[in-house]
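Novice: Got these off TrEMBL a minute ago, pasting:
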REGION    1-88  region 'Domain I, interacts with DnaA modulators'
REGION    82-131  region 'Disordered'
DOMAIN    164-292  domain 'AAA+ ATPase'
BINDING   Gly175, Gly177, Lys178, Thr179  ATP binding site
REGION    349-474  region 'Domain IV, binds dsDNA'
DOMAIN    378-447  domain 'Chromosomal replication initiator DnaA C-terminal'
Amino acid sequence: MPPDPAVTHDLDDIWNRLQAALRQAVPDSTYEIWITPLQPVGFDGEVLALEAPAGIRSLVAQRFGRLLDTTAAALLGPEVTVEVQSSTPARGKQPAGRGRGTDAGADRDRRRAERTDGTRAVVPHQSQPDPLNPKLTFEQFVIGDANRFAHAAALSVAELPGQAYNPLFLYGPPGVGKTHLLHAIGNYVRRYGSGLTVRCTTVERFTNEFLGALHGGHIDRFKATYRRNDVLLIDDVQFLEQKAKTEEEFFHTFNALYDTGSQLVLTSDRLPRDLDALHDRLRERFEAGLVADITTPDPATRMGVLRKRAHHDGLTLPDEGALEVIAQRITTNVRALEGALIRVVAFASLEREPITADLATRVLDTLYPQARKTVRIDMEQIQDLVCDAFSITREELLGSDRSARVSWPRQLAMYLAREHTDATLPAIGRSFGGKNHTTVMYACRKTAERLATDPDALATVDDLTRRLRADRQD
Ligand SMILES: Nc1ncnc2c1ncn2[C@@H]1O[C@H](COP(=O)(O)OP(=O)(O)OP(=O)(O)O)[C@@H](O)[C@H]1O
């Protein structure tokens, strides 16, 4: 089948779509290291030419040649192959030439020959990648204090669509896992839902499709597409605030689905009642089921996410030092946390160094100088504050008395040191009278557990944290 002429002209668009598909096909760190440096330089309808820095060209061609080919073929047509060329400073961008005697050309011919025996494409043949990201599953989601409730609600909804909570409204700050849970529900229902249909979209996409349908005169088809689903997942409903016409259509879509027992799941950066510009009637619909928040990740969740990611990407780590540095530095956003890990791994790979705490510190110092400033070690300040709050002496805090009067403040102080300084576990142990790093780990875990169930303890931590921050601003 010849390639669709509509998609052969805009190189940037082709590359964007190919990148989106590749992102779904390989681990993030692999993507950052090997795919990000590639640049599209031409497409003649059959060969998509990509340039790679000379040092990695042959590795990329060897390791990802087949993936690039099958992905490009799936998006652009079965005849299309990818040629990975070396970028040389002297040559400007030029269209791909067929049959050039380059080693890249040889790679291409070899892979094209290989494909004749039925290599399968990695993405479906369609003009847009499936919006449901198969990598965002419940298995990949790390549960912690910040997201436990939202996770449980999402799982219930996935298990019993339309019956547990309807709608489910997930809200929270950026990068804390709302989209992940949304897609996890979709993937779960697709897998175990006995044929229930799922549609996942963003308000942005819903709007574009709606406006396209209005102008293209196929509004009935648009309505049918959205209204015949058993599960509708909508990301970022806060963006409905600026779109009066779309909000109206969305309201009717919502009602049509709700009235027929379909499950709706929505995400937002705010509570429904804080979406001021929406009509009351829609806000009320959003609040009619279960509203669950996700807050910023606690230290244990941050470490859990990093461990899982490292394991998933098959990283070789001498110890967890690098992960600890990242978890201490990046505290509010899981996306940023993963981004930091990817950069550390990319740097280690390019410099051929092991992924150590020292390397992570160097990379993050350059990337997040601000973060370094705000997490300057202030161990004594924490210790003084805790001694004062619990009326114990410094000797008691740093000693080994295990009575509850002293051991709880000590555990709490270690937890605060972990949260608010960039000291490693062994360093915190040393500052607390020469304790072992496993003692610090235990203290942090116990404290986190207690904070999850004991409101008084939580209030104490909040108060101490406020005082720490206030002191820091002086
Ligand atoms: N608890 C978690 N376990 C594993 N990965 C997580 C977790 N929370 C977030 N992530 C990962 O962090 C990244 C950002 O998460 P996600 O896109 O779901 O955030 P979000 O809350 O929807 O952010 P935004 O509001 O900016 O869209 C994703 O790669 C996601 O897989």
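Cβ coordinates come from backbone N, Cα and C, glycine included.
How buried are these features, and what lies next to them?
Specialist: In the three-state DSSP scheme, Thr179 (ATP binding site) is classed as helix. Long-range Cβ contacts of Thr179 (ATP binding site) within its own chain (separation 6+, distance under 8 Å): Leu136, Asp235, Thr267.
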Novice: Can you list, in sequence order, the residues of the same chain other than Gly175, Gly177, Lys178, Thr179 whose CB lies within 8 Å of the CB centroid of the ATP site?
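Specialist: Other same-chain residues with Cβ inside the cutoff are Gly172, Pro174, Val176, His180, Leu181, Thr267, Ile294, Val334, Arg335.
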Novice: Which chain-mates of Lys178 (ATP binding site) that are at least 6 residues away have a CB under 8 A from its CB, listed by sequence?
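Specialist: Listed in sequence order: Ala150, Leu170, Tyr171, Gly172, Asp235, Thr267, Ser268, Ile294.
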Novice: Which one of the binding-site residues (Gly175, Gly177) has its C-beta surrounded by the most other C-beta atoms within 10 angstroms?
Specialist: Gly177
